[in-house]
Amino acid sequence: MADTIFITDERIDGDTDADGPLAGCTVAIKDNISTEGVRTTCGSAMLEDYVPPYDATVVSRLKDAGATIVGKTNMDEFGMGTTTETSAFGPTDNPAAPGHVPGGSSGGSAAAVAAGEAELALGSDTGGSIRCPAAFCGVVGIKPTYGLVSRYGLVAYGNSLEQIGPFGETVEDAAALLDVIAGPDDRDATTRAVELDGESYADAATGDVDGLTIGVPTELVEGADEGVVDTFWDAIAELEAQGAEYHEVSLPSVEHAVEAYYVIAMSEASSNLARFDGVRYGPETDADGNWNEAFSAVRKEGFGDEVKRRILLGTYALSAGYHDKYYKKAQDARAWVKQDFDEALSEADVLASPTMPVTPFEQGESVDDPLQMYLADANTVPVNLADLPAISVPAGESDADGLPVGLQLVGPSFGEERLIRAASALE
Ligand code: GLN
């Protein structure tokens, strides 16, 4: 089953009578977003046969907009990974860099757009899972401000961190998909209405960066590979040539962001995944009678190694006596990261960095080294800790290996239009 973009290759027609904004458009959907009547596996053997009885809010909105859904895409199991290799359904190749990973965890969605299997795609981003695959596959991905897009029907991994967001080949395409999915939802009390400056997010893709001030956080450039850094500065020079100006800024707290992110994400995961108990979900096992045995048998069989590792670490971090040592410290670090971003954004319109400090790994290179995988998230996870919006836009190829490099722009809360305007200047 190697090299799969779609876990389930099924077409779902939207409202074809309506001349909605996405009429005639094809959209691929990450397999942790619920689709009524079409199985939704989260890349896990635990949910191999699970068919949701309802649509996620974003899916209803796509249908109303006239879009055609072309399938459910491969992903790291429950969103836990940076390469799409932790999927129980096998890896996905990178259409922009064959033999390399497409990034993760929304690797199938980014690959679907890069390979032309769909014009648009939806992913989810808990700590970089939209931006990383966008950067690795040479497409555009947007991680919305926490609360802009409904999470109703998104299978939870780290619910205080994650948002559903769009992929497109261009900034304007991704923005047009954001227009359809954004906005308040009675079924997700963390959503809110946003007053736009213009008519729509897509309208903001004007490419006008005249007078834009860009802050470049030193800490997010320092650790990146040389080829990535060179490509990054070329992109900044391109924006300067169009009238933007940049200055360096410092975010001292981001040094602790990866640690804080993994403590919080794993803690939330250990709680969110407790529902996979073998009663409502999960494969048949031959454990009989004793509920504890049945519970552990189904989790042993249904979950892969990375998911088990995170449930164990998250449970440990939350256990009595350790709460203050890990979880509380991580929450303090989260508050510090937020404050650093707010300060930096009081003196710049947007912040810019390489999306990923590295170019795409070769297939198989990082699966046995979880720490290497976690550290690759250094530039994306701080944004989720701060609840802010960010976009990844192709910046070109690294001179070192010819592989795709993404530029990440981070903006103030609900400042998506500004990010869309600035990112479109690089196209
Ligand atoms: N790579 C990060 C993780 O494994 C981010 C995943 C995500 O955003 N879903 O947690």
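Here, residue 1 is simply the first one shown, and the rest follow in order.
The backbone N, Cα and C atoms fix where each Cβ goes, and this holds for glycine too.
Summarising the annotation, TrEMBL assigns active site, charge relay system to LYS30 (among others). For the recorded site, LYS30 (active site, charge relay system), the DSSP three-state label reads strand.
The active site, charge relay system feature in TrEMBL is assigned to SER105 (among others). Long-range neighbours of SER105 (active site, charge relay system) (same chain, six or more residues apart, CB within less than 8 Å of its CB): GLY43, MET75, ASP76, GLY79, MET80, GLY81, THR82, THR84, THR86, GLY123, SER124, THR126, SER129, PRO133. In this structure, SER105 (active site, charge relay system) belongs to neither helix nor strand by DSSP; it is coil.
Look at TrEMBL and you will find SER129 tagged as active site, acyl-ester intermediate. Reduced to three states, the DSSP call for SER129 (active site, acyl-ester intermediate) is coil.
Here TrEMBL flags 12-419 as domain 'Amidase'.
TrEMBL lists 81-109 with the feature region 'Disordered'. Same-chain neighbours of the region 'Disordered' (81-109): 1-7, 28-31, 41, 43-45, 48, 73-75, 115, 121-126, 128-130, 132-138, 141, 167, 304-307, 356, 359-367, 373-374, 376-377, 403-404, counting only residues six or more beyond its ends whose CB sits under 8 Å from a CB of the stretch.
Selection of the active-site residues LYS30, SER105, SER129 by a Cβ distance under 6 Å from ligand 1 yields, in sequence order, SER105, SER129. Counting only same-chain residues six or more apart in sequence, the Cβ atoms lying under 8 angstroms from the Cβ of LYS30 (active site, charge relay system) belong to LYS72, THR73, MET75, SER106, GLY108, SER109, ALA121, LEU122, GLY123, SER124.
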